[in-house]
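First comes the structure, then the notes that go with it.
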């Protein structure tokens with residue numbers, strides 16, 4: 001059977017090209033210890049910035065704060081039609097943090113009771129989809145892949161149309177009750193659009209050190225659930241779990257945090273309870 005695979009996220013013009021060609025400074029030194037920034041330099045920089053946005057598909061605006069759990073954007077369920085697209089869980093996080101392993105465990109734990117579909121996002125490959133199929137997470141026709149061809153966050157935030165189409169197709173074909181979306185590995189500033197994800201999970205792991213939670217960023221601060229994965233490696237990498245716990249609680253304003261070993265199913269009961277609780281509160285599940 002051919003593996004369902006969608007090339008590129010969104011419309012044809014949503015492919016993202018990186019052409020960072022900024023001419024920020026025009027330095028003309030005439031024996032003096034100063035910098036000359038003329039208006040033509042400023043205008044050319046602005047023109048380059050606008051060209052970058054046009055070619056890239058979106059801008060990378062600076063954030064003034066690391067975000068806030070209490071002030072995060074919440075899903076709006078008043079007009080949400082779960083018969084068109086089931087309750088959607090978005091899973092994000094850096095490369096190698098354990099996102100795909102989490103999807104595998106969720107499919108195994110929830111797939112026996114609920115109708116589930118999965119959409120994975122990769123830049124140029126379908127490795128995550130193939131991993132899930134190879135490990136029999138679900139029947140392979142329920143696992144779709146999108147090749148974003150550019151910044152992973154663009155397909156889950158700026159232009160979510162490709163993911164929405166794939167999810168709605170799964171809904172139409174299998175009458176799904178829960179849908180899972182995995183973002184390509186990205187940085188701490190990446191997060192899901194509420195147009196796509198009803199419940200946002202962000203996965204980090206201890207291998208980056210115990211400083212990661214306090215670095216913040218929308219993924220850590222504004223996700224509905226933060227998972228700190230691979231706790232069994234803490235001693236090996238010199239990470240202090242108590243420090244991670246303290247910093248995560250502070251920056252997330254006591255929002256939900258689960259310390260986990262996803263591969264070993266440690267913490268999975270709590271994770272599934274939080275997901276199902278959110279889906280039931282939204283009216284998506286009874």
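The backbone N, Cα and C atoms fix where each Cβ goes, and this holds for glycine too.
It should be emphasised that the depicted structure is a prediction, and the values quoted were computed from it without experimental measurement.
Straight from Swiss-Prot, the features:
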REGION    1-47  region 'Disordered'
COMPBIAS  9-26  compositional bias 'Basic and acidic residues'
BINDING   93, 94, 95, 96, 97, 98, 99, 100  GTP binding site
Remark   = Cβ proximity for residue 96 (GTP binding site), under 8 A, sequence spacing 6+, ordered by residue number, returns 185, 205, 207
Query = What are the other residues, in sequence order, whose C-beta lies within 8 angstroms of the center of the C-beta atoms of 93, 94, 95, 96, 97, 98, 99, 100 at the GTP site?
reply = 185, 203, 205, 229
Note = Out of the binding-site residues 93, 94, 98, the residue with the smallest number of other Cβ atoms within 10 Å is 94
Note = Counting every protein chain shown, other Cβ atoms within 10 Å of the Cβ of residue 97 (GTP binding site) number 25
Message = Through the lens of DSSP with three states only, how would you label residue 100 (GTP binding site)?
response = helix
Remark   = Simplified DSSP label at residue 93 (GTP binding site) comes out coil
